[in-house]
Amino acid sequence: MDTRVCSRAARSGNLVRKCLIDWTTLPNELVIQIFSYLNNRDRARLSSSCRSWRFLGSSSDLWKSLDLRMYNCDARTANLLASRCSNLRKLRFRGDDVARVLTSLKASNLREISGDLCMSINSDTLCSIAVHHDELEILQLGPEPCERIHDMDLQKIAPFCGNLRKLSLSGIRKVDSVAFDALARWCQNLTDISLHDCVNVDLKSLGKVVSVRFLSVAGTLNFQEDGRFVTYRSNKDKLLITPSTDIFKAVASLFDNTAGDERTVFSNWRTSINVKRNLNEVMNWLERILSLSLQCIAESNSLGSDNFWLDQGVALSVSLAKSLQEDVQEQAAAALGTFVFNDDNETRESVRCAAVIREGGVLQLLHLSKSWREVLQSVAVKALSNLSVNSEVAKAIAEDGGISNIVNLARSTYISVAEHAATVLWNLSAEEHKDAIAEVSGLQALIDLIYKWPTGGDALLESAVAALRNMAVSYKCSMLVIELGGLNALVSVVQRCNHEGVLEEVACALTNIASQKNISKAALRQEVSALEVLIQLTRSPYDAVREAAVDELMNLSIYGEKWVTVAAAGGVQALVALANSCSDASHSLRKKAAFTLCGLSVTKTNSIAIGREGGIAVLAALVQPGAEDIEKPISGALRNLAYYPSNVHRILEDGGIMALFYLCSLSISRSVQFMSALTLSFMFDERMDEFVLAMDSSERDLNRRNIDSFRILAMDFIHDFISAFYNPQAISAAATSLSPSSLTKLAEMARIPEAGHICSQNNLLYKDLLNINVIVPRNSSMSYSQLPPLFQGSVG
């Protein structure tokens, strides 16, 4: 060995030993600084690792800002947090329930409170927040409408908000002069007012609040002019942005020297070092208001906004998504994902998605999804989940290296992040990105998701299972799913989940795996086989789930040539039970149940099992007027069943014979009539006589008489079926001329194209059918009046 290599290795080992750090000996200030870069959940986990870190993790310096939007915060949780919130300055929350327990945090020194999804927050809750936080400087509720807050509530809280600098509310019905009088009197530091989507604002009284420097009344009805986006600059010091034709140009006009493209105005400003402080305040405010407005416009999906998005809305959203302000990033990302998702026109959706790709929106959303802030992760990946329904966006995500990032997000400890990431993988797996997902351990991530969220994650489970379903179309991915324990994961979903959409996806996923031609039997014999679970799903209370399960079993039993495995897993009993329960089910479900029984009946074992389990009565019950498309599988199943004497006896006893009479005489399908006539012809051959001879003598005579009666009646129906092809004029013309064209025409009149394969397989039976009809007289001992009303007057 090269001694230099050894020496280098030795020096490296010494260096490693010297670099080992005892984390418990770090200065407290450094540990606190490290903790400050962690989210709340990770910080709490590290704090529980040892006593000293538990003490440092509770430091008030770490709890100056708290974002509860990703957590369920009830009164108990708020009380547990109270000991750490004495120095809390900034609080963000989500939902009315959290708003009602904010006072339990005992954070009397709060300076900023921001809440969203506060649609039901009422006067009492708002007043309680104001009374307990008299140092409050910023109060924001929205962008969802606060419909239960009124102008009188602003009058009530104003005396307790003397330090208020910024007030942002959405969806208040009216803000009148009394409210503005109170704000002008008590809130003399109020410089920023945002009243979005308010029905009526008394603009004249608003002028009394002389301290205001920034005002946003977007969406206020009495302030709207004509709905167009126009920009008006009254003078050098004031900028009024109302419905505008070019927002970039208006913002660029704030700067004396605008070099290059006006659409780079925001990025140029962020990198400039020679901007006046006053202009920085204006630009920060503009970013916040514009991003909020874009989010509201996207959610409202107002008519006529398509041109706005294509002309400047997409570019503006992408530009604002690059902001250094957290709120602006979130709102701009939300706008990008929402404005496309809210459009149900495929053409417009495609054009809008193309605009997002062109402006670099996909790449920016991927960048934001890598943020350490879990809320921004959630917003960005949700936008990607909405956009990736479009195949071009899915392609852009893959080309921008986003698949590995999405897979990492699917492993998030936050359910909303993991759910949206799973949805992106669902959309990507529907395209040609299956192998790329598998290469970065995407299948393992999806399987892990199934186990990770055992409860409360139906939407997440549906996305994860649907992604597995798409992936399993590929043989390579199917084998990998099995190798990674995916079958057992899917089985576990059925055992613990009762959500209709989830179970439907499970049925499809299991079938895609089970239908692979070269799949090993050992793979399908794991803890519970995929087919057994599919069969279990046929008993679901949801029609959609039962239909999905039986649809896949139908494909396996008929086209996939896996009917032996289906039967071995208990499929015969389950499908007979399913068909028996289909009287009130959808027509589609009844049809698929009939097709599946027909597929299973091709073998002797299955055929006898169908008869033994009561399948003949079930098939007979499915024969109904107006259900012509079910007649073909029913006639095929009865044909297969009638090969066996024990089934023939059941056909007579369980109503199958009446179903054959109906199909032979009243079906609108010639092939169904032929199939039924063919079945009737070989039901009463020597095998039936042997079956009767094997009976007790007490039953033999009665059964023989019944069978003879049904035989004669069956021959009458067969005779009528053949007579329908008899045309004396055509036969006479053909016999006279004996020309090829006449004979061909005569042959075509009697031809049943759909029955060609049946004739080729059953030539002897077909000959027997013709011979029997010639020799049997029309004198049945059973009268036509004894037939069900369905037949009376229909057979001659």
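Heads up, residue numbers simply count up from 1 along the chain you see.
Just so you know, glycine gets a Cβ as well, placed from its N, Cα and C.
Noted in TrEMBL for the protein shown:
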{"type": "DOMAIN", "residues": "20-66", "note": "domain 'F-box'"}
{"type": "REPEAT", "residues": "360-402", "note": "repeat 'ARM'"}
{"type": "REPEAT", "residues": "401-442", "note": "repeat 'ARM'"}
{"type": "REPEAT", "residues": "441-486", "note": "repeat 'ARM'"}
{"type": "REPEAT", "residues": "485-528", "note": "repeat 'ARM'"}
{"type": "REPEAT", "residues": "570-615", "note": "repeat 'ARM'"}
{"type": "REPEAT", "residues": "614-656", "note": "repeat 'ARM'"}
Intrachain residues whose Cβ lies under 8 Å of the repeat 'ARM' (360-402), provided they are six or more past its termini: 37, 39, 67, 69-70, 314, 317-318, 321-322, 326, 329-330, 333-334, 336-338, 340-341, 349-350, 353-354, 409, 412, 414, 416-417, 420-421, 423-424, 427-428, 430-431, 433, 436
Integer average pLDDT (0 to 100) for the repeat 'ARM' (441-486): 90
Secondary structure composition of the repeat 'ARM' (360-402) [DSSP: H/G/I, E/B, coil]: 33 helix, 0 strand, 10 coil
Residue distribution over DSSP helix, strand and coil in the domain 'F-box' (20-66): 30 helix, 2 strand, 15 coil
Helix-strand-coil residue split for the repeat 'ARM' (614-656), DSSP-based: 31 helix, 0 strand, 12 coil
Secondary structure tally of the repeat 'ARM' (441-486) (DSSP, helix then strand then coil): 35 helix, 0 strand, 11 coil
